[in-house]
Every structure is written in C-alpha cells, then in structure tokens.
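A.B. asks: The active site feature in TrEMBL is assigned to SER91, ASP117, HIS245. The domain 'AB hydrolase-1' feature in TrEMBL is assigned to 71-257. Among the features that TrEMBL reports, region 'Disordered' is placed at 1-45.
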Amino acid sequence: MESSNLGSVPEETLEEQHQQDSSKPVFSAFASRPDRPPTQSSSQKYSPLDWAAYFDREEDVCISDSNDVFHLYMAGKEGPVVFCLHGGGYSGMGGSVAVHVAAKKTLRSLAGLVVVDVVEGTAMASLIHMQKILSNRMQHFSSIEKAIEWSVRGGSLRNIDSARVSIPTTLSYDDSKQCYVYRARLEETEQYWRGWYEGLSEKFLSCPVPKVLLLAGTDRLDSRALTIGQMQGKFQMVVVRHTGHAIQEDVPDEFATLILNFISRNRIGPHGVEIPGLGWRAQPRS
C-alpha cells in the first residue's frame, strides 16, 4: 500500500487531542482509588423514623386496679378497626394472646382473626432452645442506631425502614448501665411459656370468626388438627415467601394487601366492607 493513499493527520489535531486526554483522570491498577459518590453514614442509615409518618396519634391506656399501661398508636377514623398485638420480641406471644381472647368469645364486635407465623407444634418444640437464643442475642446497645443496625445485620428483620420504626420502642435506657436494653425481659417469663402455646391449635380452630394464618417462608402446619381444619376450610392459610418471622415488617406492602383481601373477602365492617379492584367477588357472611 502506498503511503500517499493515507490521509495525513494535521499536527494541530494531534496536539488538541493530547491536551484533552491529559485533562482526563487516568485509572490503572496502580492509580489511587477513583472518587465515589458519598454514601450514608451508619448513623444516618439506621437512624430512627418518627412514628408520626405512619400514625395520627399515640395514647397511653391505663388499666383500672392495675399498674399495667398499654401504649397505643392509632391511624384513621373510618372502616373496620384492625387491632394489632405484638409479642415481647419474636416470641409469638402476640398471636397467642389474640387466639386466647378470641376463643373466649367475649368480644361481640370481633369480626376476624389474623395470626402471623405462630403454630403450636413449632412453638412448643422451640421452647427448649429459647433461653440459649435469648442469651446469644445482643443485650446492650450504646445507641438506638446500633440496635437497629444489629437487628438488620443479625437477620431478625430484613427491611431497614421497618426496623427504623419498630426497634426504638422495644428499648429503654438503663441509667445505671448507661446503655439501651430491651423493655421486655423474656428470659424472666419462662414459667409462662408453655401456657402460651399448649392447645393453641384447638383454640385457634374454635374461634367463631373468619381466620387467616400467615406463615413465613414454608408450609409449617405441624399438627394434625390444623391440617384437617385447613382442608375443611375452617381457616385460610397463606405462605409468604422470602420473609423472616416478622412478615408484617419484612414485606409491609404485601402484608397490608393480604389484610385488605381478608377484610373484603369476609365482608368485615359495620356494613360489610367490600374493597373494589381486588379481582374477585366477596361472598356475604352467613
């Protein structure tokens, strides 16, 4: 090939290109680490979220002739009341209390029962390991942010935003130890553990209202009574995949949709609430 066939490159163009290239940073294996966009600090990432973003008001309810005080968060003024109970911290006690109350048939206005990831067989089998589980968890935190971070990194919760809302209220500040500790001392309630769960399956089935059992990850109907009851249509069972025990916190949007479906399906509410757009016709309760 003759050189005359090759177009010459003007010297000015080469010089300009060299100037442009020299102005750009050069990255190599031996170069310093390139600039990265700023990231949130640990204290920002795990900082508590204000309850006011999710509720309208809070209130302390004192029980007469008792020192017991219940702290309530409330939102909304219309529609059926969805009353949520939580246990002492991944104990399943909230579900157990709800089942025991519903089975007594003393609440005439009760229209439905939702139990989240609590079944008798699994709970009873886990009791022998409970003290070890409690002793292995972190007991003291220098800050609320550290407690939130531990709950997420340790796998208790899989949703950072949920942890930022729920974890702060599970803690109290210990002046003598100069740190945060758990409000509920579950290890001191061992004598009551068995009573929380014994006979829970039969009590659940005996509740005279529509019922739904939400299970985390896998189908864990580990009692014959529950298996037969589910086959007979005595309650609805939903398995929620890719969550831990705290379904309502790991996947709050999916959980809310399940509750709305339950309300609409069973026409729960003063006038039988039916929520449009759910893709099926709700049948009126007999």
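Using N, Cα and C of the backbone, Cβ positions are placed for all residues, glycine too.
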A.B. asks: Including all protein chains displayed, how many Cβ atoms other than that of ASP117 (active site) lie within 10 Å of its Cβ?
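C.D. replies: Taking every protein chain into account, the count is 22.
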A.B. asks: Hey, how far is ASP117 (active site) from HIS245 (active site), Cα to Cα, in Å?
C.D. replies: 6
A.B. asks: Mind giving me a neighbour count for HIS245 (active site)? Other Cβ atoms within 10 Å of its Cβ, every protein chain shown.
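C.D. replies: For HIS245 (active site), the count of other Cβ atoms within 10 Å is 17.
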